[in-house]
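Taken verbatim from TrEMBL:
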{"type": "BINDING", "residues": "174, 224, 292, 514", "note": "Fe cation binding site"}
C-alpha cells in the first residue's frame with residue numbers, strides 16, 4: 001500500500017549518499033515521471049444534527065495507478081476539474097453534464113495539467129545556448145515545459161497550438177526523435193462527424209512550426225505508442241475502439257470509459273512512407289492489445305519488423321486500478337509476451353495499395369479496404385497478413401533498448417519482469433529487472449531483491465563503442481517495501497550486476513511511467 005501513496009515534494013537540492021562506485025563517464029541528470037497525488041484532501045461544509053453547518057475534511061481518491069496528479073481543483077459537488085478526459089486513465093471526475101457538454105475553460109497554468117506519462121530531454125523547441133528544459137507529455141495532446149534544474153513548470157501547450165494542421169485531442173505520449181534527421185515525429189487523433197483521422201507530423205529545430213506528414217483514416221482507438229524506421233512510420237491500431245464511433249472521447253470522464261475492446265476485429269498496421277509522405281500499405285493481424293512498442297527495423301528484402309509487448313486482451317488496463325493494487329485484489333496479472341510482427345514485401349504491397357481508387361476517402365475496415373461513401377462503387381481489396389512469432393518465453397513490460405539502435409536491427413531488450421517467486425504467488429506485480437536476448441529468446445540476466453519493486457530501466461550508453469549494443473548502464477528507481485524507502489540502482493547493462501546504489505531522501509511511489517537521461521557533454 002505504501003508504494004501507492006502520495007509523493008512528497010522536494011524543492012531544494014539534496015546531496016545523496018552513494019554506495020558502490022559510479023562509472024567515471026556517467027555524468028548527467030536522470031528525469032522520471034510517475035504518480036504525484038492520489039488522495040486529495042479538501043474541506044466542505046456539511047449539515048450537522050442541529051441543522052447548522054460545519055466544516056469537514058474529505059478525501060477524493062484517484063481510481064487508477066496511472067492517474068496520480070500534481071495539482072487538482074475540487075468542484076463544489078466533490079468532483080475534480082479536468083480540461084480533457086484523456087488526462088485521466090480510469091478515474092471518475094464526477095463532472096456535471098453541463099461541464100461535459102461545454103468543456104472546461106482552458107488553463108494556461110502548467111501546474112494544473114497532469115502530463116505524467118512520459119518525459120523527454122530531446123525536443124526541437126530547445127536550442128543549444130538556451131536555458132535547458134525537459135518536456136512532459138500525456139495522451140491529451142498536451143506538453144508541459146519544465147525547467148531542467150528545479151522542475152518548475154513554465155508553459156503548457158497542445159500540438160495544434162504549434163500548427164493548426166496538427167488537429168486533434170489525443171496524441172501518443174511517446175513521440176519519436178530521429179537523431180539522424182533531427183525530427184520529432186508524433187500524431188494527433190482527430191475525431192469528427194464522418195470518422196477519425198490520425199494526423200502525423202514532424203517538427204525540427206529549423207522548422208519549429210513543423211509540417212504535416214500524412215493523415216490516416218482509421219477507427220478511433222487507444223494508441224499509446226507507434227513505430228518509426230528509417231523509411232517508414234507504422235501506426236498499429238488495436239481493436240480497443242472508441243464507443244459510439246469515438247463520440248465518447250468528448251463525453252466520458254476518462255480514457256477507459258471511452259473505449260470498448262472488440263476481439264472479433266483485427267489489429268491493423270498502417271504504413272506511412274516518410275519520403276513521399278503518404279499512407280502506402282495496410283496489414284492485418286490477430287486481435288490483441290499493447291501499451292509499448294520496443295523497436296522496429298527493416299531488412300534488405302523489403303520487409304518490416306515490429307517488436308511489441310502484447311496482451312491477449314485489455315484486462316491489464318482494468319487490473320491496475322488503485323484499489324486493486326492497494327488491497328492486493330488482483331490474483332494474477334495478465335502476462336505480456338514480446339511478439340515480432342513481420343510486414344512482408346512493403347514495395348509490392350505499396351504498389352497494390354496505390355491502385356486502390358483515390359477518388360474517395362478510403363478507410364480500412366477489418367480485412368478489406370472500401371470506399372467511405374457507400375454510394376460510390378469500389379472493389380474490395382484483401383489486406384496482407386502481419387504474421388508474428390513469439391520472441392521470449394518470459395513476460396516483460398516497460399521495455400527499453402540501447403537508444404543508438406532505435407530503428408535498426410538489434411538483439412537486447414531490458415524491462416521489468418517477474419522473479420520465480422513472484423511468478424508463482426498471487427497478487428504479485430513486477431519485482432525484477434531483466435535483460436533478454438531476442439536471438440536466443442531467453443532471459444540472460446536478472447536483478448532483484450526481496451520486497452523491492454523497480455521502475456522502468458533507462459539505458460545510458462557508455463561512450464566510445466557504438467557497435468557494442470549492451471555497453472552501458474541501466475538506471476532504475478527502486479521501491480523497498482519492508483523499509484518503505486526508495487533508492488536509485490545503477491547496473492552494468494552486460495551482466496545486470498549492481499555497480500552503485502543511491503539512497504533517496506523520501507519514498508518515490510511505484511510507477512508505470514517513463515524516464516529520460518540527459519548526458520553532460
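All residue numbers here begin at 1 and follow the chain in the order shown.
Positions of Cβ are set from backbone N, Cα and C atoms, glycine also.
Annotations in TrEMBL come from automatic prediction, not curation.
Location within the structure of each feature annotated in TrEMBL.
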residue : record                 : Cβ neighbours (10 Å)
174     : Fe cation binding site : 18
224     : Fe cation binding site : 18
292     : Fe cation binding site : 20
514     : Fe cation binding site : 24
What other residues of the same chain, not counting 174, 224, 292, 514, have a CB atom within 8 A of the CB centroid of the Fe cation site? 117, 118, 172, 173, 225, 291, 293
